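Down below is the structure, laid out as structure tokens.
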Amino acid sequence: MAPSFDTLSEQDLHEEEEEEIDVSDLKAQYEVKLEEGLDTFVVIDGLPVVPEESRQKLVKFLMRKLNTVGHTSEDAVFMPVNDKNMSEGYAFVEYETPEQAVAAVKQLHGTPLDKKHTLLVNKLMDIERYGREGRIDEEYKPPTIEPFKEKEHLRSWLSDPNARDQFALYRGDKVGVFWNNKNNPPENVVDRAHWTQLFVQWSPKGTFLASVHPQGVQLWGGPAFSKQKQFPHPFVQLIEFSPGESYLTTWSARPIQVEEGQPILSYEEDGKNIIVWDIETGKPLRSFVSHDLSAPGGESDAQPKKKVQWPAFKWSADEKYVARMLQGQSISIYELPRMNLLGKTSVKVDGVMDFEWSPATVNREGVKQYEQLLCFWTPEIGSNPARVAMMSVPSKEIVRTRNLFNVSDVKLHWQSQGSFVCVKVDRHSKSKKSMATNLEIFRVREKGVPVEVVDSLKDTVINFAWEPNGSRFVLITNGETVAGAAVAPKTAVSFFAREKKGGAAGNFKLVRTIEKKNSNAIYWSPKGRFVVVATVHSQTSFDMDFWDMDFEGEKPEAEKDLTANVQLMKTLEHYGVTDIDWDPTGRYVVSSASAWTHSLENGWNMHTFSGNTLSENPTEKFKQFLWRPRPPTFLSKEEQKQVRKNLREYSKEFDEEDRYAVDIANTAVVEKRKRVLSEWIAWIRREKELLSEDKDAYGLPEDVDDPKKAKDAPAVTSEQGEAVVEEIVEEIVEESEEVIG
């Protein structure tokens, strides 16, 4: 608020008196921080009280605990002694770094020293900060207990009687959530201005909608989208949810500066870039410095700035582990919810370039113990070949490796159920003048994890995508770019499926290749079978091809032995398309052109899975379209089987409901037209009544409106101040046209 006379205090009115000037804000700003330099010290309470001659023995015993979380020495432990030559039951300990002191507080606080004594560990600067005079009220005041408030149902949208889906729209400075109504206009649920400053993002199961602000992240949910949680992270730029919505990761390029008195962030987060949060409690679990922003000392000017790797932390399928990579050196795996390093050490992997968790918990053949799988790759180093490896966690055992040669780049693609991992290997020729791609497919569920090689590709693969919950995939290849060519080379789209071998599936085989395309993106339906292959972020091509992988028509003879029947259903164009999104049911597809990419014809179009356009929605300053995800089904496998068995009966009910909805819509239109007609007739009747009253008032006959009689009627003259009513009628008797000159 801007200062004004109304906001001045009584003391401010007498500011000419020097002794009454309030300089508390200046004192706070320039106050010498006594804790500076003390951030490596901790205070340990709860120690045994021993005589001075036993003090050194106690220190040595205590060192066993202290050195498990950092590095300190006996000389760095100070244990005060009183006048009776007895210790006071506490000690001051100095660690080498502030991080070690923080680790000591986190890991040693509350741990037993022996059967009778429990360690209480605090930072020395905390004692100074919170124990300073005036910081603690000496008089006990009972805490205020807030009245109970019933929580909103965070998954209420799933109980919609018509099983509709919701989506979020971000346009201009407004964010809205809407129901999808098929052919009819969407129904608004909530629409708010300035709801976010950067972007919005749904949580993986659709429970929360996250908005991003300079102060941090807020989560919204429930029928009215009320505020549920907030996570303070100044100038946050990126966020990532864990698969089960238990945790949230936030990142900012600016190191955090924690102000004193901040209720949630502590000195532990000061100077960090990344925070891992517990969504349920709203509290940070641990904070980290971003690897991408730090450069070796003295080399920061010479080295180019690294691209930020996001997500910086990757989650296991069951959220029990989260891992982070220091590129070229190691992979650090943390156990949740404590966020302690698995085995207290990182996994050293020289040259590691990337890693990916399996998106599902996999039961490998012959393996009975619990495990999560992690795949990583390393480049060629000296005479050592490039390597792809699969690691089992928590044992950290390497269960499969594959050596690769002449490697330029590798991309790891897990199938959604963790049954396969495709290693896309870009290889260069010995002369390094040409590139080609081959696929190394790990069959994870089979004994020994065999690897199948697809080496029939002649060009470089620029995009690859597995069918969700399936064993088919689509890829796009790109020919070599001719130096100096003004036009980019054409692409080719290839469809792959497995062979039929008796009752089991065999190797992966090419089904069909579509040449001379401009496609660069692949979007599978979340339910599989249907796929959109499109050209996005292009200035010259905007095609969207809708494909069916299980076409029910006749199958070509050459594809009889393959588990696919590929058919192009429709091709559409959407000028300037930048994004394509499937709804969670796989029935609808939205193509959109975002103002974040360009400012030409922004908006979004709704299509069916087969490519029929339902609506076109040009929207000024359109930015984001996001379908609300659905959680996994709550039905058991037996119940799902029963639903599929009775699907035809359910379909009849759904068709009847659709017809009823159309009838209601038509009835509404008819009723509206009837209402408008009734209003028009009532208005005509009312006007005629008023006109009749006017005729009686002026003594006019009822048939005065007849034009013929009105022409011959004499003018009414005014006598004694009465008004004269006169009607003039003109008629064109003859019309001639004369041309002059």
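Cβ from N, Cα, C; glycine included.
Features of the protein shown, as given by Swiss-Prot:
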- 1-10: compositional bias 'Polar residues' (COMPBIAS)
- 13-22: compositional bias 'Acidic residues' (COMPBIAS)
- 40-126: domain 'RRM' (DOMAIN)
- 1-22: region 'Disordered' (REGION)
- 695-722: region 'Disordered' (REGION)
- 193-230: repeat 'WD 1' (REPEAT)
- 232-289: repeat 'WD 2' (REPEAT)
- 303-344: repeat 'WD 3' (REPEAT)
- 514-557: repeat 'WD 4' (REPEAT)
- 572-610: repeat 'WD 5' (REPEAT)
Contact set, same chain, for the repeat 'WD 3' (303-344): CB under 8 Å, 6 or more residues outside the stretch:
107, 238, 240, 242-244, 246-247, 249, 251, 253, 274, 276, 278, 285-286, 288, 290-293, 295-296, 350-361, 372, 374, 376, 393-394, 396, 418
Six or more residues out from either end of the repeat 'WD 4' (514-557), which same-chain residues have a Cβ under 8 Å from its Cβ atoms?
462-470, 472, 474-476, 488, 490-495, 497, 564-582, 584-586, 589, 591, 597, 607, 609-611
Per-region confidence, the repeat 'WD 3' (303-344) (mean pLDDT, whole number):
90
Mind checking how the repeat 'WD 4' (514-557) divides into helix, strand and coil residues in DSSP?
1 helix, 20 strand, 23 coil
